[in-house]
Every structure is written in C-alpha cells, then in structure tokens.
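**Student:** Here's a structure for you.
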Amino acid sequence: MANSPFPLRSQVVTQGVQRSPNRAMLRAVGFRDEDFGKPIVGIANAHSTLTPCNMGIQTLAERAEAALRTAGCMPQVFGTITISDGISMGTEGMKYSLVSREVIADSIETVVNGQSMDGLLAIGGCDKNMPGAMIAMARLNVPSIFVYGGTIKPGHYNGRDLTIVSAFEAVGEFSAGRISEEELLAVERHACPGAGSCGGMYTANTMSSAFEAMGMSLPYSSTMAAEDEEKAESAAQSAKVLAEAIKANIRPRDIITRKSIENAISVIMAVGGSTNAVLHFLAIAHAAEVPLTLDDFETIRARVPVLCDLKPSGRFVATDLHRAGGIPQVMKMLLNHGLLHGDCLTISGQTIVEVLRDVPDEPSPDQEVIRPWHSPLYPQGHLAILKGNLAPEGAVAKITGVKNPQITGPARVFDSEESCLQAILSGQIRAGDVVVIRYEGPKGGPGMREMLSPTSAIIGAGLGDSVGLITDGRFSGGTYGMVVGHVAPEAYVGGTIALVEEGDLITIDAPARQLHLHVSEEELARRRARWSPPEPRYKRGTLAKYAKLVSSSSLGAVTDLNLWD
C-alpha cells in the first residue's frame, strides 16, 4: 500500500529532509526505509485486567496489528482507559464512568491527531469504550473501524443462566429474605465465568450492535463471544477492511450520517437495547455534526417493533442472538419492512443492502430469540421519551416488560443513590411509592451515575411492578421496571425535580409519555424562590472540570458544546 492514491496525513512526519529527526524516532520503534511511505494506523487498545469486559482485548490487538502489517500498513499501538461499571456500581467511583467516555474520546483524538495518523482501529469492551471511541472517530474523520472485545458467555447456577445483573438482584432478594446467604454467594461465584462484556442486551452489547448496524463494525461481530476464535479472526478481518478503506479514503463522516444513525436507533429498538444508547448517540451525532434530538428517538420508537427476547427483561443473552442470526438477521427484517435505509455506506465500501443480500428474510423457526415479524415481542419500541412539568427537556424510560405502565404515587425523595439504596434494603419503600433520586445528574453528581443498585434492590425485594423510580441520573443497561432516567433539566441547575417534596403525588404515564408532578404552578414558583443550588461536590480535579463543562443529558452530556459562545 506504499502508493496510496490519496495523500497520507503521516507525510508531515515521514517525508522531507527536515523530518530526519522524526524518522529517527520511528526507526527506533521498528520502521525501515521502505515503511515511511506506508499508512500509519493507530490501534487504540483498551486492554485492561481490571474488568472481564476488557481482559481479552490484548489478543485482538495483536491479531489486528499483524493483519495491518500484512496489508501494507504500519500499525502503532497505544492505550486508552476503561472504567468497570460493574465494579464501581453503587460507589463514588461510578461518578467517573460517564466521564471516562470523554476521557477516552479525548485521548484517542489527542494521539491520532498528535501523531498525524492515517487511520484508526479502536478496540473496546466495557460500556463507555464504545461511544468514547466513536466520538473520537467522528471528530477525527480519518478512516476508522471499531472492533468490539466480545460478549461474556452466561454463567450457570441451579438450572438457570446468570449475568452480572443476577448478582445485583440477588442482593435485593437476600435483603428481602427471599434467598439465603449461601444462595447469594453461589450466584456471585457463577455470574461471570470469564472474559467479555456483560451478556444481556445491556449497554456494551447495545452499542456494539448499533455500531454494526451503522456500518462502523463488521457484520456479525457485535454478538460474538469474547473467548471464541471467531472473535480474534474478526479483529484480523477488521484490520484488512480498514486497510482497504484507507485506500478508498472512506471516512467516518461518510458513514455516520443522519440515515445511518436512524438505522442504528432502529436496531436498538428492535433488540430491546439500553437507555444509555440515547445519551451516547446524541453525543456521537454532536461529534459528527449530525442534527439529532430526543424527539427523533420517539419518532423511531413509534414505528419499530421489539423483535428480540433478550435480557434484562427477556430470556436470552447476546450469544443466543448470535446463534439465531445476529444483528444482520434483525437488520434484514427491518430492511424488508422499510425501516432501514439500505443505501447507507459501510466501512467495507458496500451498502447495507449489499451487506444483507444473502441474509434470510425471516429468522429460523427453530429458535426463540428473534421473533417473526408477524409476532413481535412488542409492537413498538421500548425506549420512550417522556415529558411534562417534571422533565420539560425530556426523560428516558423503558416502557416494555412492565406490568403497570402507569403509576401515580407519593414521592419518596432522596438526594443521593446511597441514601435511597439504604431505604430500600431496610424496607422503607412500599408498593405504590414513586422513588425520586436527584442531584445525580451530569453536573450534580457529577457524572450521572447509573442506578442499578437501587433498581435491582427494588426488583429483588419483589417491588418491581409496584414501585416507580425517577432520577436525573442514568440506568444501567441491565435495569428494567417502571424506571425513568435522564430527567432534564437536572436538579443541580434548578430543574423541577429539585423542587419535589416528600409525599408529593407523581404520575409516570408511559403510554401517554408523560411525567407529571401534581403540584400547582403557584406552589412550584414559591418553592423555586426558596431553592438555591448546592455547593459543588468537587472543586478540583477531573470531576470538577467535568461538572463545569458538561451539557444537559437532553443534549448528550457532552463537554464541548458552545465552548466559545
């Protein structure tokens, strides 16, 4: 590939007499005379031993590196960070999770631009790796491909499949006296059997599936198990495809368009994906300069059915979906019914129609993961945008898989996740209550923690169908039940959620997509006059910088919005 038909960015480093010192440094890392005309490709390697999500990524990076060399490129491997949501969940450390999305994006952008690289292959596993990498790709706009680290296989105990969410729910079950300490320990020991990202259609698998649908990852790659050989082969194949994309000068913004983002959102709805996808795709669209709002998610939700019976509210995990035909099977069904844009370009240079040409029109009848079109799990999508006087800018809810999609009840108000969790575990929350967790938003937390511990405790206590929960924080992809997150404006900036008092009646009406506080405008005005913002929880360091810069969740919680206005 030494004779690329397009000018290489790396020539500012590799060509000319003045760059002799630059070349001297490159020779030290393995460049030879004949290598200075080859494309330099960065491999953003999120390998880490702190989480099973990322502990198998080094093998994928090595396979991709070798394949890039064979394809005539010069790979340069660099590290980027990860936070384990599952390990930090319920702790102060979870405040860094969403922050890490920005750190990942900024770090990849910094290295690729700082070293004048010609292409990027990013490999990630845990939740924020995916959007962080894609935000960077959209900003950089050099030929890029994303390689997912792969999903974990399910654990097994007492005749049932387990995921990490099983362990969170077991805590609630134990606290409610529904299981013994021995059973709790058994679930803990069996929930995570090896490498790979959390196994249901939680955030990591949702985002990887969406990237495949968008055309930035290879077909079938998003549902492969991390420990299977086909995942390593997929990393090598991704490298080969990227080398060809560099030749053809196919760039992320050729792929990340309004149409392809609509395709991704349609697939997210069809597979029953995570609420976090809303936040992340708002941020990805912002990075790619593609107009996208919360209302667009609601428009797509209304026309796309849920086709896949996947955890957290369903029965199966991502490896089951892979055996049933994977994301291409879901996409083919959507395409056949006019719910995908088939003319979108993918990183391989093919269109969506071309990629899906040989995929069957309907799923195999000998599986139950993907429902036939005439018999969907739900006739409309599950991620609803709720609005009302409690969320004028909007809020995000999962509205399928709940027995009671409407609830009106007294507010139980908590100004932190920890105080709420303690109340649940000590039996203070009753059927019919509407739990409010506030000051957990992007600025207020800061960091918009995921409320998996409280929601799992509610489920474990047997209250999942009778208790509502709203928050200006987020939810894990493993959350289900009558839960509403991303309430905006958040409490810290004076949103209505800051004015809720203990015992106020709140209505969550999922079918009507309403979130209403039953307090008069006059009383709210009196409360607002008395309200003042709390002192920032952090005044120095990463969280302080984040809180100062971050936007509303309704805009994706981005940190580079209107910086110079």
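Using the three backbone atoms N, Cα and C, a Cβ is placed for every residue, glycine included.
Residues or ranges marked as [2Fe-2S] cluster binding site in Swiss-Prot: Cys53, Cys126, Cys198. Taken from Swiss-Prot, the feature Mg(2+) binding site covers Asp85, Asp127, Lys128, Glu450, and the record attributes it to sequence analysis. Residues annotated as N6-carboxylysine in Swiss-Prot, with sequence analysis given as evidence: Lys128. Among the features that Swiss-Prot reports, active site, proton acceptor is placed at Ser476.
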**Student:** Counting only residues 6+ apart in the same chain, whose Cβ is under 8 Å from the Cβ of Ser476 (active site, proton acceptor)?
**Tutor:** Asp85, Met89, Val165, Tyr202, Thr203, Ser274, Asn276, Glu450, Met451, Leu452, Thr455
**Student:** Using a 10 Å radius around its CB, how many other CB atoms surround Asp85 (Mg(2+) binding site)?
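**Tutor:** The answer is 31 other Cβ atoms.
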**Student:** Sequence gap of 6 or more, C-beta under 8 Å: which same-chain residues meet both conditions with respect to Cys198 ([2Fe-2S] cluster binding site)?
**Tutor:** Cys53, Gly86, Thr151, Ile152, Thr163, Ile164, Val165, Ala204, Asn205, Gly477, Gly478
**Student:** Write out the long-range same-chain contacts of Asp127 (Mg(2+) binding site), meaning residues 6 or more apart in sequence whose Cβ is under 8 Å from its Cβ.
**Tutor:** Cys53, Asp85, Ser97, Ser197, Tyr202, Thr203, Ala204, Met207, Asn276, Gly477
**Student:** Reduced to three states, what secondary structure does DSSP give Glu450 (Mg(2+) binding site)?
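**Tutor:** It is in a strand.
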**Student:** Let's check the environment of Lys128 (Mg(2+) binding site): how many other CB atoms sit within 10 Å of its CB?
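**Tutor:** Neighbour count, Cβ to Cβ under the 10 Å cut-off: 28.
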**Student:** Could you tell me which three-state DSSP class Asp127 (Mg(2+) binding site) falls into?
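**Tutor:** The residue in question, Asp127 (Mg(2+) binding site), is coil (DSSP, three-state).
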**Student:** Three states by DSSP: which one describes Asp85 (Mg(2+) binding site)?
**Tutor:** helix
**Student:** Can you name every residue in this chain, apart from Asp85, Asp127, Lys128, Glu450, with its Cβ inside 8 Å of the center of the Cβ atoms of the recorded Mg(2+) site?
**Tutor:** Ile83, Ser97, Leu98, Cys126, Thr203, Asn276, Ser476
**Student:** Near the Cβ of Cys126 ([2Fe-2S] cluster binding site), how many other Cβ atoms are there if near means within 10 Å?
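**Tutor:** Other Cβ atoms found within 10 Å: 27.
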**Student:** On the three-state reduction of DSSP, what should I expect for Cys198 ([2Fe-2S] cluster binding site)?
**Tutor:** coil
**Student:** Determine, for the [2Fe-2S] cluster site, the additional residues of the same chain whose CB lies within 8 Å of the mean position of the CB atoms of Cys53, Cys126, Cys198; present them in sequence order.
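**Tutor:** Apart from Cys53, Cys126, Cys198, the close residues are Thr51, Pro52, Asn54, Ser84, Asp85, Gly86, Gly125, Asp127, Ile152, Gly196, Ser197, Ala204.
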